[in-house]
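Record features (TrEMBL):
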- 25, 26, 27, 28, 29, 30, 31, 32: ATP binding site (BINDING)
Ligand SMILES: Nc1ncnc2c1ncn2[C@@H]1O[C@H](COP(=O)(O)OP(=O)(O)OP(=O)(O)O)[C@@H](O)[C@H]1O
Ligand SMILES: CC(=O)N[C@H]1[C@@H]2OC[C@@H](O2)[C@@H](O)[C@@H]1O[C@H](C)C(=O)O
């Protein structure tokens, strides 16, 4: 037998596994690495988060990714080069993180790599009749990562989800259900990344009711306009810029006037739709092109919060009550979090640290959970009451030699 396959089988059969989850999100701030130890699988999964670090991207890395990121038209050469280059870069960052933690690569069973989303194209968004399907593209090839790091790598988790009828996202539901479901309370796991999403976990623990959905922009528009309007800044520090402004009601209404917000759950989206061009078009329609930077930031912050409120009401009814556990970089923005809390007055708020997972680590952990299921578990059946939540295991396997 190929010795790498033997190693893979051994990892799958062990009572515990160490899997390094990697996530590089839409904010392009860096690579999140979460070293996870798993005991068991499926509903019996026990997680210990052993280490977590974000290795920030140099400005040059961000620039390169932005040359293709969420653009309808980009250089095929650039995309091809980046696919291999990011795979190798992530392999290098894996080795750096392990060295910093004093852990030998041989003591890690597998890497679970999300890669870098460069384009997300659910059918409702691309609307091209000749392609009656959902599609998404994550780059940073798993073979390059495996060869550079010397570690068995699972990658490209989203394709199987689409092949089996999903939109390729959000995948959080599978891991959230295994790690955070509780009979004590109805829970919402709200992630405030570039795009905001949540997972619904009813206290009944009825897997058929569990799903996750994108709800609209989280930080993506805030970051884009801060980069443009506040030179030297890449996000709204502690929500200060928004706090200095006032929400423009006409622009907010125009921003919310899109079929995405009325579409049934679950649904996905991305910065392909919620882009600066989307905001500019809404400004034209609402005669609000001359807003001050602070008023624009305040309105975009209110827009992110309103999208979240609408989707939570869609899921739970017009006076939603649930315990909301927040994660993602947007939780560090008090203007955004304050607007969300105000819109959901019957909900109780905490962050995922209260559930023993550091909020900044949660998404990287979730990909390690998916890899754990692929290696040692089986297809997770959740959300049967809803469309687009397929029961599959995910991730392509790359051997390092
Ligand atoms: N102190 C802060 N004040 C305001 N915003 C902050 C702060 N710290 C982080 N953020 C926001 O969080 C963002 C990073 O969030 P995160 O790392 O969750 O994004 P991501 O993982 O790339 O997103 P996604 O989940 O969409 O892939 C920053 O770009 C910024 O908008
Ligand atoms: C296509 C894609 O990369 N989607 C991401 C993105 O970032 C947040 C939101 O949009 C979510 O749908 C998803 O990531 C999380 C980890 C998910 O799949 O659950």
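Just so it is clear, glycine is given a Cβ too, placed from its N, Cα and C backbone atoms.
Unlike curated entries, TrEMBL annotations are predicted automatically.
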Among 25, 27, 32, the binding-site residues whose C-beta sits under 6 Å from ligand 1: 25, 27
Other same-chain residues whose Cβ falls within 8 Å of the Cβ centroid of 25, 26, 27, 28, 29, 30, 31, 32, the recorded ATP site, in sequence order: 23, 24, 54, 57
Which same-chain residues, if any, lie at least 6 apart from residue 28 (ATP binding site) yet have Cβ under 8 Å of it: 57, 61, 62, 65, 66, 69
Listed binding-site residues adjacent to ligand 2, that is, members of 27, 28, 29, 30, 31, 32 whose C-beta is under 6 A away: none
Greatest C-beta neighbour count within 10 angstroms, which of the binding-site residues 29, 32: 32
Candidate with the highest Cβ count within 10 Å, taken from the binding-site residues 25, 30: 25
Count of other CB atoms lying within 10 Å of the CB belonging to residue 27 (ATP binding site): 21
C-beta crowding around residue 31 (ATP binding site), within 10 angstroms: 26
Neighbouring C-beta atoms (10 Å sphere around the C-beta of residue 26 (ATP binding site)): 22
